[in-house]
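K.L.:
Shown below is the structure under consideration.
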Amino acid sequence: MRVLAVILALGAALACSGMAHLPHVKTYERVIPQRLHSERMKRDLAQNVYPEHARYALSFGGKNYTLQLEKNRELLSKNYSLTYYLGNGTEVTETWNMQDHCFYHGHLEGENDSSASINTCNGISGFLHVDRQMYLIEPLSGPEEQGVHAVYKHEHLRMKRGVCQGSNITTVYDYGPKVAAMLKPQPWGAVPMHTGTKYVELYLVVDNAEYRKYKDMATLHHRMKEIVNHVDKLYRPLKFRVALIGMEVWTYKDKITVSSTAGNTLDNFLKWRKSDLLRKQRHDNAQLITGIDFDGSTVGLATKLAMCTGDSGGINQDHSANPIGVAATMAHEMGHNLGMSHDEDVPGCRCVETKEHGGCVMAQSVGLVFPKMFSSCSQADLQTFLNDVSPTCLLNTPDTDQLYGGPVCGNQFVEKGEECDCGSLEDCTNPCCNATTCLLKEGAQCAQGECCQQCKIRPVGEMCRRKKEECDLPEYCTGVSAECPEDAYQENGVICRNSNGNSGYCYNGECPSHSQQCKGLWGSEAEVAPDVCFKNNVHGNKHLHCKKTANGYQECKAKDIKCGRLHCVRGKDFPITNKKYVLTLHGGLECKVAEIADAEIALTSDPGMVLSGTKCGMGMVCLEGECRDISVFGEKNCSAKCNNRGVCNQKRQCHCDPGWAPPYCDHKFTEIGGGAETMDLVAGILVAVLLFAVLIVGGIYYYKWRQRNYPQKSTVTVGSRSSGLSNPLFQDNRNPTRPKKDFPSHVIGRPQLIASTSNLEDSRSAFINIIPNEEPEEQPKYNPDSHLRSPVAVPKSPQVTKPRVAPPGPPPPPVKPQVSPVVPQAKGPPNKPLPALKTRPKVALRPPIQRR
């Protein structure tokens, strides 16, 4: 059999066509992966068809490897839906709760910089990256090939327009992305996005040609999920996750004209997305996968800088038998949506990987090997886009309560029962977090956050977010929380000076002006038009008005003309919206107005309207098409309540100077007990109280032991089944028939204050809890109150070590029931519990105002 495999491999390598098992592969190596089991995987297998973790031993390239896999639990959203069409054109939408799928990410154990994107639905399929070489693996078909897989190098995969020689094959992703029709202008004081993980909610659309190629919904559905799994793997190093929230398959006929002209197909797809798809399903980005062969060597096209807008999408040709080829194309086109340029278009840009080894994702063309990383210039483009455009749709963090299978340690979400989560044991680089237990390491106060430094909460008053411009406010650490306080800015109506040196008024953290808005729309040479242009806003038509209502366009009153359509002069021929209206007045004065397509009007605010908050007179501001008195923003003396130690923010609450605490900046944080030192003191006090409680319980037990061993002539009956622990904090749960009692957090305080991780370093309980619908094993399950139950071992000690003393001769007189003063005392907690600490919750960054 081995000789036959060699013959087959040689035959495939020497000819472009042949009788090999895999006609799309030139040569491959036959391997039989061996499944490895561990205690953790055995528990996974108890309930799941596909376990949360898997390990395989396999040999290829002359070396033995162990493949470590972890299920990609963020691949499919909770409300994932599949839409298709019946033979008569009837639309059918199914909502899938796919808690148990077969798509994994992983690595090869002991191999630096290795990675894997795998599905185990029917054998093992996917890619393996090791030693700067990408390998593909897939099962061989046929009864005689049971368990046998093919492993081959990436360059041995036949390409879209491959010829026999194949050494100079080049496939072009696109010849430059289109600029989004609806794009924010160059921002003034844009708010940089936070540095945490971003989430792209992706919707896939599959055209009729692609459906007919596979002729089977199950096969097609599986292939699309595999593609997205690979895309997600490519974006994870950028702290991005790509989650598939829905898919539509045009099983009956195409909803748009899909042609071999990529530009026309993209325009048609984006138009359909805005008019139909967005109204049916909310999503961040849509990608079309087509079976049509685009003209030339182009396999994809997308709009640039379009994420979170109506033009957020791209088109991708299914040009490779292996799904990784389409995944690389989709990652490239989505990169354009996120502001990335072609590497070749960035001066001095270099990719650390050569094209022979795959190169980088944003290269204009791809060779025989598909890319597996982003260049540093692509990462810089991405950061610029996030800071300048601030696409807030990427901040929609998945609800951790809705993640499949419940909380799980290692998925990079801090969930219930976790203090931190830095990913898998192999991926975790956080020195403060125990990747096995998802608890803080001994001595650590925090693991992440702008106010967390070297595992300690930064002192009160240290700046954690700088002031970005005049209407912004800086934020300082509180000394209590590892998170920087919510991003705040000056209250609306505060006098400011914009970039042109003219005075204005702060509005939602910015200092807008007519001139600055014109530059953003028409370029740096543009200026605001004379008032004579604005006077035409009284016409009240489609191009010149102050408001658009359900009844049509509303003309401007004379006092409101500077708050309607924005008129500019000079600058570029076309605004960034690519659509304009020009009004030519006497003397050749051209009043230029930026417009958007009619289909965009329902999806976004019109950038051709003067921004709310723009100054329209002394003490007057524009607000929703009207010029109104500045008093519309509220009283001017809000900051008077801040005791000269702060100013009012956008919520009209005191934003205090460093070290001073809200709500009125009249107390320092140190005076109200803030800081990590206080937390340590609280923990110490709580431990002392617990020790005192142990002594009380010991006394109670001794009393009851005396009652059992020295019979009294009394009518009082002592329950022989009692554990002797009447305090609810110390109930013995070893009796399975005894109902458990749950106590609210305000009764026992927050256990995190005194929880120790030292006895959990080797625990696997975090992985036990992730199995859906499985009752966790009681013994290994981590309970933050476990240290409180140590006194239950006390009753056994006297019975084993203390010698029995002979009873006295004459028995004592009967004891009355009321002489037992200890029992009532044990009904409640032995101490007054401390209130639960409340750290400031994470708050999403404020939505940016629409910048035109």
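Note: Cβ is positioned from N, Cα and C throughout, glycine not excepted.
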K.L.:
According to the record in TrEMBL, which candidate from Cys642, Cys648 pairs with Cys638 in a disulphide?
P.N.:
Cys648
K.L.:
For Cys464, which disulfide partner does TrEMBL record out of Cys438, Cys446, Cys452, Cys484?
P.N.:
Cys484
K.L.:
For His332 (Zn(2+) binding site) and Cys665 (disulfide bond), determine the Cα separation and express it in whole Å.
P.N.:
50
K.L.:
Name the secondary structure element type, per DSSP in three states, that contains His336 (Zn(2+) binding site).
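P.N.:
Note: His336 (Zn(2+) binding site) is helical by DSSP.
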K.L.:
In the structure shown, which of the binding-site residues His332, His336, His342 has the fewest Cβ neighbours within 10 Å?
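P.N.:
Each of the binding-site residues His332, His336, His342 was scored by Cβ atoms within 10 Å; lowest is His342.
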K.L.:
Could you give the residue numbers and ranges of same-chain residues that sit at least 6 residues beyond the domain 'EGF-like' (634-666) on either side and whose C-beta is under 8 angstroms from one of its C-beta atoms?
P.N.:
460-463, 473, 476, 478, 488-493, 508-509, 672, 674, 846
K.L.:
According to DSSP, does Cys484 (disulfide bond) fall in a helix, a strand, or coil?
P.N.:
coil
K.L.:
Suppose we draw a 10 Å sphere around the Cβ of Cys638 (disulfide bond). How many other Cβ atoms does it contain, all chains included?
P.N.:
18
K.L.:
Using DSSP and three states only, what is Cys656 (disulfide bond)?
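P.N.:
DSSP call for Cys656 (disulfide bond): strand.
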K.L.:
Would you count the other CB atoms within 10 A of the CB of Cys656 (disulfide bond), including those on all shown protein chains?
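P.N.:
Taking all protein chains shown, Cys656 (disulfide bond) has 23 Cβ neighbours within 10 Å.
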